[in-house]
Amino acid sequence: MSQPKTTTPKVNDKKALQLVTALMAIPGKSGEEGQIAAEIQRRLIAAGLPEKQITFDTAHKKSSIGGECGNMIVKLPGTVKGPRRLLMAHMDTVPLCVGAEPIKKGKLIHSKSPLTALGADDRGGCSVILNALITILEQDLPHPPLTFVWMVQEEIGLVGVRHLTTSKLGKPAMCFNWDGKLADMVCIGATGDSGMLIHINGLASHAGAHPELGVSAAVIAGRAIDDLATNGWHGLVVKGKDSGSSNIGVLSGGAATNVVMPELTIKAEARSHNPRFRERILKEFKKAFEKAAKSTKNSAGQKGRVSFESYLKYDSFRLSADEPAVQTASQAIRKRGGTPDLTIGNGGLDANWMTAHGFPTVTLGCGQQDIHTTSETLMIDEYLKACQIGLDLATAAESDT
């Protein structure tokens, strides 16, 4: 094996900006990542990577929406000794980004159209790790064993990483995920999320001729929701030292205004960093809807019914500040003049499932701002700093002077 060079590699800012601008212009909402995956693959082959080193898993085949491709994985043997490092980001964007035309204005990149988001989430992250790999290939830089993963279907519930074929990763010891705002951010934990599917069966009747014979599914839902809100179980949920959140996001039912609503389906969620408290929120939801169904009767004493289903979207996690990935990422940030900001997130990250799979993962920022909105921008200075940190981590240069 060759010995590491004494000087640390530098990012070509112009090329890095051209790269992210090109990737943000490619459509690729969840399940439709084929085009962006092909472009990443094309650029890697052009940089000298043998095509046989690019593989895809079958995560999309386990997704409820299907998809054009699975997670894209590149695995390199090391040219210097050291534990394997994994760098990752997700390829998909929210639908609002489709049609984006990235343009530079001052120190920001934004979408030309006021009707589309930009896609910095997470084409910024995709570009950080792609730039690192291309730089290594083109400059023949020494590096430890490396794995790069471009995930699919993150935006619809971390689906791609949940079904990741982990046997393809090469047993990485440290994992770094780029998906956030400031380059100095080191997210070491995130909340967990459970979904709820609540189906309410009422009893139909003519709303004008015999409304008293009906049992309204809407009334059952209304009483349950009022119960939850009144008792502090909807929205921000704080009970003693425990905290979390819940939200009823989708209600669908009914067909006509002259029919007492016979059915209603509700989709909701509960989040908390404490899995036990999240389970308690779920139980309170179930109790409230069952109570409402029992108390809602027609003139004949007939009642409605409720079926309640809950399921784990992703579990919470929190890494120790002493975790090797946390220490190494922090060292890389300090090397570039930053101060590591260890944070805990209230949203889900691919790192949730990576950690659950047995690969402790930190998430770093890459310049994203106002994501999922038409005001989304990429902060150029933060993105370029993230590119340098990413290259340092890929070449194990964070400790070089």
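In case you wondered, yes, glycine gets a Cβ from its N, Cα and C as well.
Feature annotations, courtesy of TrEMBL:
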type: ACT_SITE; residues: GLU154; note: active site, proton acceptor
type: BINDING; residues: ASP121, ASP179; note: Zn(2+) 1 binding site
type: BINDING; residues: ASP121, GLU155; note: Zn(2+) 2 binding site
type: DOMAIN; residues: 192-295; note: domain 'Peptidase M20 dimerisation'
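Projection of TrEMBL feature records onto the structure.
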residue : record                       : Cβ within 10 Å
ASP121  : Zn(2+) 1 binding site        : 28
GLU154  : active site, proton acceptor : 26
GLU155  : Zn(2+) 2 binding site        : 21
ASP179  : Zn(2+) 1 binding site        : 27
Composition by DSSP (helix, strand, coil) of residues within the domain 'Peptidase M20 dimerisation' (192-295): 38 helix, 41 strand, 25 coil
Per-residue pLDDT averaged over the domain 'Peptidase M20 dimerisation' (192-295), given as an integer: 98
Distance [Cα-Cα, Å, rounded] between ASP179 (Zn(2+) 1 binding site) and GLU154 (active site, proton acceptor): 11
